[in-house]
Amino acid sequence: MQANTFLNWVNQNLSTAGKEPIDTLVTGFADGTKLVPLVEALQGRKLGRLNKPLTEHHRLENINMALQALAEDNDIVKENVKLILGLVWHMILKYQIGKTSKIPSKKLMLYWVQAVIPSLNITNFTTDWNSGIALHALLDYCEPGTSANWRQLHRDNGLANCRSAMVLAKAKFNVPQIMQPEDLSSAHVDELSAMTYLSYFMNQESPGHAATLRWANRMLASVGRQPVDNFTTDWVNGDALCCLLRAMGAPPELSADTPKHRVERCFERANSEFRVEHVLTPDEFTNQDVDYLGVMAYVARLERACPEPSGDVIDAGQSMNIPTSPPPPPPQAQRARLRLDSEEFGPPTPNQPVGLLLDLPRPVDDKSAVVAEVEGPRNSRPQPHLTWLTDSRLRVEFTPVWTGRHSVSVSGADAEPLPVEVNPGSPHDVRLEVPSGLRSSRVTEARLDARCLGGGDVRAELRSPAGRANDVPVSEIAPGLYGLRLLGSDPGEWQLRVWIDNEELPSSPVTLVLLDSASVAVEAPNSVVTGQDTHVLVRHAAGAKLSAQVSLDGETVPCFVEDSDGDRKIHFPPNRPGLYLITINYGDEELRGSPFSVQVRNQEEASVDVAAIKALTLRCNRDASFAVNTSNAGPGELEVRILATSNIAPNQQPPTSHQTNITPTPHQTSNIQHRTKPATSNIAPNQQPPTSHQTNITPTSHQTSNLQHLNLSAGPSGSQVASRLRRRDNGEMEVSFLPEEAGQYNLELMYAGRQVRGSPFSLLILDPSRVRLAYDASIEVGKPTRVRVDLDGAGESAPLALQVTSPSGREVSPVRELPEGSTGERQFEYTPEEAGRYQLDLKLGGLVVDGGPYVQEASQPALETTTAYGEGLTAAQLQRPTHFFVDPKGQKGDLFVQVDGPTSISACNIEPQANGHYRVSYTPEEVGHYSVQVHWNGRAVHGSPFSPLVLDLGAVRCVSGGPPPGQQAIPGLVVGRQHRMVYETAMAGPGRLSAEVEGPRGESVSCVMRGDSFAFTPVAPGEHAVRVRFGDRPLPGGAMRGIAETEAVAATAADHTKVILSGRGLKEARVNEEAAFLIDGSQAGRGQPAVRLSMASVTAPGDSHAADVERPLRGSPFHVTVHGPSEASRIVCSGEGLHQGVLGQEIKSLIDTRRAGPGDLTARCVGPTKPAYCELYDHQNNTYTLSIKPQESGKHELIIEYNGDQVPGSPFNLRVAAAPDASRVHVYGPGVEHGVLDTFQSRFVCETKGAGAGQLTVRIRGPRGAFRVEMEREYQKDRTIICRYDPCEPGEYQLHIKWSGSHVPGSPFVVNIFKTAAELAAYLERHPQGAGGGGHSNGAIFDF
């Protein structure tokens, strides 16, 4: 549709220029002979002499004459449909619509249309025009009376309305019919096509332009102002706008006499008086190059808001006498006047909107006080709707349902009620609503609305397919509304006839089909390719309404239904690959099996797995292979070229370039042909020219897999690479080769003369077997050691990684790579920090180097005698000073000590002793494992770092079964009865509880440990001793003792003073949450606890409750404070730090607890393998900042809880990206290599996979400074960026490519472009290393 409309527009302009029309846009512009005359006709000037299109060079020159952009020229020569349509649309914008402002043309066109036909509420240039009514209304605006009955048109006759309007537009205004009525009335009308056609009603020579101009001149004439000729230069000084508002009765108040000031005051006055918003800014309005469409749309808005002036009407083309002074404004009426709005509404009839206008003598401040009321026949009261057009004018609109007199009154305004006579409608206005089809043996409802006739005697008949007539039951639902009950049984077409007062309705009879959805069959193709005409066939579905909806990934795809010999076809354009879902409704029911699916594959080009090629592990004497999929690419020739890019040493055989061409056709036998053609590689003097072997393979569609040995390419030193081709069972072509030498290769894939996406690929062949290491087998702790790697012949440009593992199994860091030494040599350095065996693992380009892992033995220096000793190196207690000693053995030097806690560093004090030793003391401030580093003269002493364990033995307390506080006697021991003692150790540190029990005769009593508790059973009466240890350290206070009694003796004693009460429930509780406390009567003898809770008189959060027993225990009664409920659901978390961040950078978010009540806020974050460090900063206003420091990249789970409940959104998915690493960015392609200007390909690829989150910056400077760089990627998350620039002259071009501010490997690149191939060859001979580095730029930026 769009292509046809644009083609008609092009031919319309070509005919104006006296040129022959073109057949298609695809081929019509290919040689430039029609594009140049088109541009000349649009611009009104001669461009130059056309070349005869004998060669492509001539065609490019013709196109370049019109476009001045070589990149776009190539797209036209190669018949790129999308870009040609885009080119034509921009010419339409420029020369047809006349776009000059920054506001989109679509918006300006819509502003004008909405102003000139406001009653239709136009919001788009698609579906709002399908009925043709809007187009008829537009014609009537352009010249009143042209289509005076447009309000009586029916929306259901969209095609007929569009056709009649287009014919009328052509006959009356000579508007060319560049699109078909079928297209404009279609629900899938193309927006740009509709805009192009409608632009003929609003461009500067259009009837719409003339109509708006006529109104403006009529208004200007009423105040004696000269007429205007346009909507551009005649308005820029603001004088015409001031006069126009004066004619409307709202002259602006001017305090300065400048165009911008006048326009600003006019805008303010129009907005305050008429509620008219300006379209352009004052600066745009007063610009000499003002967009006429913006001024015209604004004037049309004023026209809509203002009544016609009184007096004579003078057109812009008529002569007139200008009075010396403006006449006084007409006197205003003193009473409001209510009248019918005959301009926007037709004659009053039932079920049709009726509009009235109320003109008030003065503006109304309180518009809510103005109320309208409508009283109709039969006590009907249609609901009125008020629309304020200005502060003193409003429209009253209502829809009557009965004929007869209606009284319209408006309170709050001094206006007489207006009687409105609603005349009876015609039988054509009777609405008969019928179902889309009948159902077998089921009643179907139909409805008849005859209120426009005042009701009547309704009779209906339903005739079967066999001709049998059945009376239809009719019931009156409401006055004038009737219900019809339809019942059918036989499949086929039924005829429904309806009479009112013995007169058959014009719409009668109505054909209804008895639907049988069970017989409907749907045939959908399993798989199609993009661009292919695709449809779903629905059989046996004639007679009833069939609707369909097509979607792809949740997005609606346009479709239409076509009748085909009693069946239906659902057509849709498969423009993108993917799984399309088709939902089909037959009548008002969805078909069984819906939605149906169609798989669409891409046909645009042959495909290759780019990631698989880039991930190839290419190693000498190892097979490497990849697949090329041409199954969806149609017929064509596949070319595979693998060319070595390294230089050839003197006196070696030149490289041989072998090309493989594969043309898959469905019904031919396989054949192999060899032919020789010139090679494109550069040849050193005295060398034989290279030979290129080309193989054509034409496989059949049912050919079995076979293996062909082919010579595909040459290696860096000239030796041939053995390669193979094999067709896989799935139809893909497998290309494999066996490289024998290391070096750089270029892989080019072309299909049907076009590069396969991603081609050319850069392949690096490696030979890890040729890597040689030089290192010392024995090394010394604390002394840097170097490892030298010889890469000669192994692949010198490949990434090299050395990993060193310490004797304790940790990876040594840092391992520094030193600047390169001699050619092919790389050096690494690290410092061993512990004695033992170090393992060296070396990888070249991700390949493990042969002979590894390598081993180095590290030993302590022979002169190291300094020692450290003391309790502070093994154990300590929280907040208790501890110390240790360092013995330097009489040596002089410097002592370094650092005490690292779990999360902090402890301050330490070093004191020299009289015996030459040093006393080191520190006080631990937290429990946990510490690390104490002791260095003498920069070297670690033996055993350093030490690992003392800090515990808080005072935090270990017995919560059940132990002595009362402050005592050591264990009560309640009974012979033969198990006694359990429970301890609280949560705050004591990372230790384990242990216990020993000794009986009366010193014997050991069995003790069973269970976590933080233990149990023992006395076996004999007498004193028992219990010794408890934590972290293998005895608890303070020594052994506890208890007297074990027999069961008989224990039964006689019951001492309530020995009952122990504990738990949080004795102190505080929370509303709607369970509170608990513990009653330990194990030492009090036999008894039964009793608890009574009493509540204060006021029951609200914060009240004190009392807990008591029958015999008051120690501390009873207890006062419990009850807190209000905390609501985790009212916590608000915000900030980017909840969802994403970068490793090594602080990740922050904000947590607001002000609406949640008191509570405990906690946060924890867990990564793929390691937890992240979380810290909450309290702002002292119930808001917190959460700071997260992850230890690794990847997906993290962030859990935020309040009083144990997760807050809204928790757990959050936090994605932590790796830190930017510019060294992982790989740049390749012809755009970073030297070349010849006429054939230079400026494209190059920046592969950022594995480089972490960052920003890619490309800046290029040519011989005359900086210029534009184009960057694109296939989809939003693609890490492969394709860059292009457009060199227009020979010289040196410098390419600066950075990743997050750091140069990528090889940057800056220096590319030299020459006029001729001879100059390039001479340069390469002088500079055999090729492209180097250096440069600056203008350019482009991509964020990740």
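Glycine is treated like the rest: Cβ placed from N, Cα and C.
Remember, it's a predicted structure, so these values are computed and weren't measured experimentally.
In terms of DSSP helix, strand and coil, the domain 'Calponin-homology (CH)' (103-206) has 65 helix, 0 strand, 39 coil. According to TrEMBL, the feature domain 'Calponin-homology (CH)' maps to 103-206.
Residues annotated as region 'Disordered' in TrEMBL: 309-336 (among others).
The repeat 'Filamin' feature in TrEMBL is assigned to 328-432 (among others).
The repeat 'Filamin' annotation in TrEMBL covers 444-514 (among others).
A mean pLDDT of 83 is what the model gives for the repeat 'Filamin' (562-600). Feature annotation from TrEMBL assigns repeat 'Filamin' to 562-600 (among others).
Annotation source TrEMBL lists region 'Disordered' at 649-705 (among others).
What TrEMBL records for 715-765 (among others) is repeat 'Filamin'.
What TrEMBL records for 781-858 (among others) is repeat 'Filamin'.
Here TrEMBL flags 804-826 (among others) as region 'Disordered'. Counting only same-chain residues 6+ beyond the ends of the region 'Disordered' (804-826), those with a CB under 8 A from a CB of the stretch are 786, 788-793, 796, 832-841, 858.
The repeat 'Filamin' annotation in TrEMBL covers 858-950 (among others).
Sequence annotations record features per position, and here TrEMBL assigns repeat 'Filamin' to 948-1044 (among others).
Summarising the annotation, TrEMBL assigns repeat 'Filamin' to 1051-1093 (among others).
The repeat 'Filamin' (1123-1216): residue composition by secondary structure is 6 helix, 50 strand, 38 coil, according to DSSP. Sequence annotations record features per position, and here TrEMBL assigns repeat 'Filamin' to 1123-1216 (among others).
Summarising the annotation, TrEMBL assigns repeat 'Filamin' to 1217-1313 (among others).
Using a Cβ-Cβ cut-off under 8 Å and counting only residues 6 or more beyond its ends in the same chain, the repeat 'Filamin' (562-600) has close neighbours at 435-437, 515, 517-518, 520, 522, 524-542, 544-553.
Note: the repeat 'Filamin' (562-600) comprises 0 helix, 25 strand, 14 coil (DSSP; helix = H, G, I, strand = E, B). Secondary structure of the region 'Disordered' (804-826) per DSSP (helix as H, G, I; strand as E, B; remaining residues coil): 0 helix, 8 strand, 15 coil.
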